[in-house]
């Protein structure tokens, strides 16, 4: 069966040589509730042309996002800065690993130009991990934010960052640039980190999110996880509590989909009813917003969700008055 991943990655370079030594894993047949349209619309083509003309990289393509057809049709895209090669090799991720190239000094301007051309009212900026850089790419993030502010002042900006592990002062640089939403994904529960996200540290990520709120309480904080990686339900509920202890506003929960046979296998497909229950529980735990469904991804419907976040915060402030 041809999938969206096949169409997106067709004709591209060979991916994941660092995973070539791993044994093949079984790819489970997807259930009926995980179905997406192939990306063939006119809007999709126009978005692709804008991305190409500005020499930009998107996580939509690099990560093989199943929602690329829907989002690009609406001219929504998540720009991935600092190149297309990551310094880490997470077992779930479709982004290539290796030795990255030097930062492109024109990238901030090119991203801002694309945001203006696409008429975006809300933009999401993410990046590969750049452990090779002294600041993990923090200053580059700040320059991209500044360039967008100058080109389209009304556009709200959401960033999805790496963990800046062992990069002292990096987080402060990014927060001073004042993004509207600071997202850093936990990805999975702590018991799965060694197999799924071995280069990261769970409680460092929790502390990172907490520190954002300490530095600037007006910035919305956000984090997401994938399910179906072998986690237990009670572990997800504990993770929710950990995020709330860090005063995180918004949580996303989506189904893990295995990019290739060399990636971590899908242990099971979580049902839509289970996703709905996670959303309900998350709201009772105090999140301003919870997005939970099989195809939920960090940047999916990000603009609409930002409007909901603002409304929820305003309602919360009014209730306390």
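Each residue, glycine too, has its Cβ placed from N, Cα and C.
Residues annotated as [4Fe-4S] cluster 1 binding site in Swiss-Prot: 60, 65, 71, 299. Taken residue by residue with DSSP, residue 299 ([4Fe-4S] cluster 1 binding site) is part of neither helix nor strand, so it is coil.
According to Swiss-Prot, the domain 'Radical SAM core' annotation covers 72-288. Model confidence over the domain 'Radical SAM core' (72-288) stands at 95, taken as the mean pLDDT rounded to a whole number.
There are 23 other CB atoms within 10 A of the CB of residue 86 ([4Fe-4S] cluster 2 binding site), with all protein chains counted. For 86, 90, 93, the entry in Swiss-Prot reads [4Fe-4S] cluster 2 binding site, with the evidence type sequence analysis.
In this structure, the CA atom of residue 299 ([4Fe-4S] cluster 1 binding site) is 16 Å away from the CA atom of residue 93 ([4Fe-4S] cluster 2 binding site). Highest Cβ count within 10 Å among the binding-site residues 90, 93: 93.
The [4Fe-4S] cluster 2 site is defined by 86, 90, 93, and by the 8 Å test on Cβ atoms against their centroid, the other residues of the chain that qualify are 88, 89, 92, 94, 95, 97, 128, 129. Following the DSSP three-state reduction, the secondary structure of residue 86 ([4Fe-4S] cluster 2 binding site) is strand.
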